[in-house]
């Protein structure tokens, strides 16, 4: 437990800082552009992380929203109830996960449709010999073809959105203070460590996507969708009255809103 508490203390000193929330979006954009430039001008040699079958990609990134949802659900519930003691407010705040799920579903559906309507089925990865009889990606793959369309990076979108959402929700830790005797201490400490590790995985795999996969325009659109999803909720909608609301803070709502304008 002592090692867990030390790890939690370290994460409180990094991910919970206001500067992290302010500059992480810019850091993601910069790393995406730098990684894409590196990929085009001086590609890195193949590595374990460039293999789509690597453990982090298969068991984490492929189900990134499920991991984020399942860890944020108890974290938001416990921390918000600890601070407010109001079940209604907790349920209201948990609706952020429903909003996030809707955003994930709508955006991935848009990406899939764009790839479908801009794509064609080819006989080889070199995009030779168009197979006009195959009208969908699924049908194309079933017949041994290769579908090529404008494939907006779902990884860039989802990893951006998930990382920023976790960092926003962890800002509540400025107000959460529990000692070892508190009934929620172990649960909250464990969730903080788990969410911190998850955030670092999302950022790492975002960098891998920038360096190894997709072209620049596909990653730009994916990252842009992630940033707009984050800012549209936490920066624009959630500070308003009729919304799931922001994580509880002792400071006024106006101060929270001002932090997005700096």
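Any Cβ shown, glycine's included, is placed from N, Cα and C.
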Residue 52 vs residue 177, membrane side identical per Swiss-Prot: no
From 94-114, 115-135, the residue range that Swiss-Prot assigns the feature transmembrane segment: 94-114
Sparsest Cβ surroundings (other CB atoms within 10 Å) among the active-site residues 155, 214: 214
Paired segments the transmembrane segment (94-114) and the transmembrane segment (219-239) in contact, 3+ CB pairs under 8 A: yes
Inter-residue C-alpha distance, residue 155 (active site) and residue 214 (active site) (nearest angstrom): 10
Spatial neighbours of the topological domain 'Cytoplasmic' (1-23) far in sequence, C-beta under 8 Å, 6+ residues away: 164, 166-168, 170-171, 173-174, 186, 189-190, 192-193, 196, 199, 259, 262
